[in-house]
Amino acid sequence: MHRVRPLSEKEIKAGDDMVVQFPGNGQVLVDAIPGGPGGGQKPRLFSYNVVFEPAATQEDVLQFSGMKRLIEMAVEGFRCTCFCYGQTGSGKTHTLTGPPGLFGIKAVPYSDNHGLVFRSFVYLFQLLQEHTSRTFVLKASFLEIYNEKVIDLLNPGTCRKPLAVRWSKKARGFFVENLFTVDCEELDDLMAVLEEGMRNRSVGRHNMNDYSSRSHTILSVHITSEEPSENGVFISRFGKINFVDLAGSEMTKKTQSEGKTLEEANNINKSLMVLGYCIASLSDPKRKGSHIPYRDSKLTKLLADSLAGNGVTLMIACISPARSNIFETINTLRYAARAKKIRTKPVVLMDPREALIISLKREVASLQSENEYLRSALNVYSSSSSGDASERIIAQTPPHVDLEELAKLEGPQLAELVRLYMKENEALRKDNGDLFLSRDLLQRDHEIVCRENERLLKKLEEVNSVCCRSPLIPARPAFSADILSGDQESSSTNIWTNPIPDTDNKTAVNSSKQIPESVQKELDKRQIGARNTANLKGIRKPSSNDDKIHAPKIAQVKNTNAKDKRSDEEKKTVEETDPMKRRFSVANPLIKNTDMFGSVISITDDEELN
Ligand SMILES: Nc1ncnc2c1ncn2[C@@H]1O[C@H](COP(=O)(O)OP(=O)(O)OP(=O)(O)O)[C@@H](O)[C@H]1O
């Protein structure tokens, strides 16, 4: 997706003109570049999912960029990333957080200028309010990569000590060691994280931007949710959303950087070059399976999962419309066209305890059916076996003789009759013995199954009680309450809070603090556990990345139809015919496929006009 900022005052004063046009349908047309004897470049047409024109507002970007869908997916347990890319001064920070000055000593509580991050937080909490059956735990971290050093923006310390980026064998991903992670129970907590990070990030001044970001920043919100399912079992999901504000690529000649700013620019350009290589490798089908140089920079190490892992990524390419920036603009458009070709395999991250619960549930169900079977077998067998026996008895039963007839029988006939009766008696005794034996065996099996059943049910109850989370503290009134309720005049608190469980249920609350020994044994046996124990005991993990678990793939993202998703307002805006008033355009949904955000995937890369 693209956002084109308006010409700046400086550019207007310098007589710079617009070199981009917007033919509609998510297309950007870049003017021809007049050249020397060999000829310059022809006009170039690029197609994207959505193009935001200079008149687009910050709210337009939230509503029509696919960002809302991304947040919904994060709540469902996907790992999502939104990153802004573009040359210096193209509007990346403006798009993500707003213009400079919003996060000074006294942050502006609500402003039309607030960017995508602030608006996403508000939408996130609105979503949480709607999911009344779930409990949520939000944690946030904010870091910057400055001159290839990772600095914790929430806890930078006086000497801004860099943190190490390490590889987690278990999670099979990179993570930042000892990164500060803040619990965010309310919208205001997330806002505080944003404000604090923005105050601490490195900003510098150069010829092209008075407030230029001198570092890449990554703001992460971890969304853990628990939802009761059938039989009181809790389903846990681990979603995450990253907001990445990349520092702008810069031509140091144009920015006239020197000294510290030059060193910063070199580091920025180097890490963006590595990011470019990674994107080029990932987007080239011929290079499928080849080496991707993630390890060549901290930025690509930390974005590896967003670029090609199991997450969903939204890239916003920001461009300047000025003629003086035409080469950088074409580069950014090409870069974005390549990034658009990358395909990830999104999966929902779930708690491994859930695997244990599901397997226990299955075991209980199979034992119950076995039990049923044995019960019925016991009845059927006893009745059918008695039938067999009676058949045998009938076969062996001596012929029926009347008492009167008996008196008339000869000695050898009587002897034969007695022998037959004795034989029958013997067979009946044997059958009787066999029946007693099989009844005893079945009764013993039945007892074993019942005991096992009880044991598993008890374990299931224990596991369930471990899954119950203690309630979050009710929200306090704050300005965010007004934003969430959509009534900025109102002072009533209408903030999402977790439902407060029955306080009499002490076992659930207590047991949430510690896993019972029997359950822990079961977890250990199945190699699940250290992480959960730490988590449940409230121990802060060294890093958010450390706990990534590659849980079974349970859901694929479904494509949604752009037509269904697009609101009437968007249609209206797209239909606006006056190009001066139009704020954005989207690719024509009738002729192209839709992607998971409901926006349109254009198959074309960049097309040259003849
Ligand atoms: N869509 C827009 N509407 C109005 N002003 C904008 C817009 N985009 C950017 N600007 C303004 O342009 C200036 C530069 O924007 P910004 O600092 O966001 O650029 P950047 O890409 O983050 O630059 P850098 O990479 O140097 O940090 C800012 O004053 C910003 O407010």
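From the backbone N, Cα and C atoms, a Cβ is placed for every residue, glycine too.
Owing to the predicted nature of the structure, the values given are computational and were not obtained by experimental measurement.
Per TrEMBL, the features are as follows:
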- 1-342: domain 'Kinesin motor' (DOMAIN)
- GLY86, GLN87, THR88, GLY89, SER90, GLY91, LYS92, THR93: ATP binding site (BINDING)
- 488-581: region 'Disordered' (REGION)
- 488-497: compositional bias 'Polar residues' (COMPBIAS)
- 506-517: compositional bias 'Polar residues' (COMPBIAS)
- 561-581: compositional bias 'Basic and acidic residues' (COMPBIAS)
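Note on the domain 'Kinesin motor' (1-342): mean pLDDT across this stretch is 85. Report note: the ATP site is defined by GLY86, GLN87, THR88, GLY89, SER90, GLY91, LYS92, THR93, and the residues of the same chain whose CB lies within 8 Å of the CB centroid of those residues, excluding them, are ARG5, CYS84, HIS94, ASN209, GLY248, CYS318, SER320. Every protein chain considered, the tally of other Cβ atoms within 10 Å of the Cβ of SER90 (ATP binding site) stands at 28. Its Cβ placed at the centre, GLY89 (ATP binding site) has 28 other Cβ atoms within 10 Å.
The Cβ of GLY86 (ATP binding site) has 29 other Cβ atoms within 10 Å, all protein chains considered. If you take the C-beta of GLN87 (ATP binding site) and look for same-chain residues 6 or more apart in sequence within under 8 angstroms, you find GLY248, SER249, GLU250, ILE319, SER320, ASN325, GLU328, THR329, ASN331, THR332. Secondary structure at GLY86 (ATP binding site), taken from DSSP and collapsed to helix, strand or coil, is coil. Counted within 10 Å of its Cβ, the other Cβ atoms near THR88 (ATP binding site) come to 25, all protein chains included. DSSP gives THR93 (ATP binding site) a helix state. LYS92 (ATP binding site) is surrounded by 26 other CB atoms, counting those within 10 A of its CB over all protein chains shown.
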